[in-house]
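One structure below.
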């Protein structure tokens with residue numbers, strides 16, 4: 001038996017389970033979602049009148065309205081910028097193609113097309129790789145982590161937003177196999193994080209408003225509203241946006257928060273609608289609820305056939321999912337590992353993006369290509385490849401039967417599948433939603449052509465799009481509602497739900513979802529909704545961190561400085577004991593503010609006029625608390641004492657050391673905890689459970705099997 005395993009004579013299970021500390025990155029910390037109800041907090045809350053609380057509630061609604069408005073405005077700007085940039089490029093390329101097709105040559109036009117695409121993509125890749133790498137990709141995995149309770153560095157900064165918006169414009173205009181819908185979720189979250197704080201730490205500008213909301217508890221709620229507003233602006237699906245935020249942070253919700261998030265989503269889609277109607281010279285024509293429009297799906301006999309014969313629609317489509325979805329995620333996983341190891345320099349990342357740019361399908365349906373066809377005819381292969389993804393999806397949904405050749409569609413599906421797999425993960429701002437929908441719509445339409453007796457091919461294209469996207473990202477409830485809202489017909493809700501559930505079940509058997517894969521590759525301590533099913537034999541004693549660094553209620557300043565300066569531990573929460581029993585919990589950020597303001601017992605006695613520290617001092621330092629190395633403490637001050645009574649949380653959550661792991665897990669997820677103190681029968685601190693402790697032991701069925709094998 002392994003020497004590190006100490007057998008429990010009662011249960012026959014290890015008290016200490018071997019694990020790899022390097023599986024989780026040290027750069028990620030948890031959000032302090034649970035309020036620290038110290039004396040300062042309670043005094044402020046008790047001083048506030050009923051009218052004051054009502055004003056705060058009105059402020060929350062105002063902030064959510066601003067979040068929705070600004071998110072919709074950003075979506076409108078992205079759409080208009082892409083349309084104008086791409087329109088100029090399309091026109092130039094089309095003119096050259098028509099000119100040189102007449103003389104039998106296309107080389108000059110193809111070179112021009114490749115150069116224009118590479119130029120746009122190069123700009124988008126340069127600003128991401130050299131200025132803000134956090135803006136790469138769709139940003140959805142990072143926002144999922146933030147809503148889960150993990151603080152991702154630089155994910156909600158103004159610089160990230162600017163680079164994200166400019167980058168996605170360049171990526172889409174450059175013809176990459178990407179969509180602009182996914183990054184809207186990240187953009188909405190950044191807008192929410194900035195607006196709710198009433199200041200910009202990047203610009204060092206404080207507007208002196210919304211100061212009460214400068215804490216993780218409030219900020220995370222507003223980020224939920226921003227993410228929902230982004231979904232609403234992207235797909236015109238306000239209810240789907242609410243459900244998206246609900247799926248990612250299900251344990252933190254209350255009724256009023258749900259209504260505020262729905263309000264932000266509605267404002268977002270209305271703002272986008274309104275400004276696009278003005279831009280299109282149709283004021284008041286609110287017919288563009290989102291960046292992508294699937295077109296109107298009418299209920300007809302084919303839908304009844306689709307519903308009455310789910311076997312060919314669901315089971316057969318799921319068979320295709322059985323192959324395509326796991327292959328997509330596995331290929332992208334290995335590509336990402338390759339990039340992490342070999343393509344980690346910014347210059348190499350830009351070169352890879354420019355290499356993919358000329359390969360991307362690119363053109364607009366407004367300019368169909370004739371190529372070498374006779375007058376009045378157009379090349380179907382060129383129409384499939386040289387088309388914007390959004391228009392291609394809509395065409396596959398609504399073009400009449402006979403519009404596509406099966407061989408052409410098969411070749412397009414395979415080519416675009418591998419191209420989209422390669423593209424997702426490039427150092428550009430881009431999403432995977434639209435490419436996934438396009439791949440699924442293509443093979444779904446192909447499947448419908450082969451089984452045209454059951455329904456028109458366009459209906460199968462819709463089911464294939466839902467199955468492909470659901471199988472890649474593993475979203476079920478929210479994606480069902482998003483697809484139903486985007487189609488404008490609730491009749492399709494049942495078949496969409498069936499294919500999404502089947503795609504998720506089939507996909508989960510082979511590999512995790514794409515976002516979960518990227519979260520794991522970044523070593524983020526992500527907590528799933530539930531603890532592993534076979535983890536009841538684990539207790540808090542076996543997963544807690546020990547020994548625990550504790551402080552006395554009145555502690556020496558030098559001791560506090562030494563503990564905070566210890567880079568080998570880097571703890572963020574410290575139980576306060578008196579004399580040995582726990583009497584509170586204090587955070588690293590609170591101690592740094594106390595040291596910065598010299599809140600020492602001796603100084604308080606000598607300076608009778610010294611200003612009393614207030615919650616405003618902690619909010620002013622939030623969220624970028626200074627490092628301990630920037631705090632100067634003299635040798636004389638190190639001998640002073642600090643009274644933590646007024647600033648510590650006197651009622652931290654504690655559990656006995658025999659508490660089961662599933663119960664500990666539920667407490668963390670339901671309450672948004674960062675620290676959970678483990679005590680013995682005499683209320684003495686014996687350990688501390690953090691998010692990383694739970695994430696480290698959340699190994700799934702394979703990890704638990706390995707642990708059980710390790711006992712023998």
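Here the Cβ of each residue, glycine as well, is placed from N, Cα and C on the backbone.
Automatic prediction, not curation, is the source of TrEMBL annotations.
Listed ranges 16-44, 103-131; the one TrEMBL annotates as transmembrane segment is 103-131. Through the fold, the transmembrane segment (222-245) approaches residues 63-64, 67-68, 71-72, 74-75, 143, 146-147, 156, 180-182, 184-193, 195-196, 213, 252, 257-258, 260-262, 264-269, 271-272, 288-293, 433, 475, 477-479, 481-482, 485-486 of its own chain, all at least 6 residues removed from its boundaries and within a Cβ separation under 8 Å. Sequence-distant contacts of the transmembrane segment (58-82), counting only residues of its own chain at least 6 positions beyond either end whose CB sits under 8 Å from a CB of the stretch, comprise 165, 168-169, 172-173, 180, 184, 187-188, 191-192, 195-196, 210, 212-213, 222, 225-226, 229-230, 232-234, 260-261, 263-272, 275-276, 279, 291.
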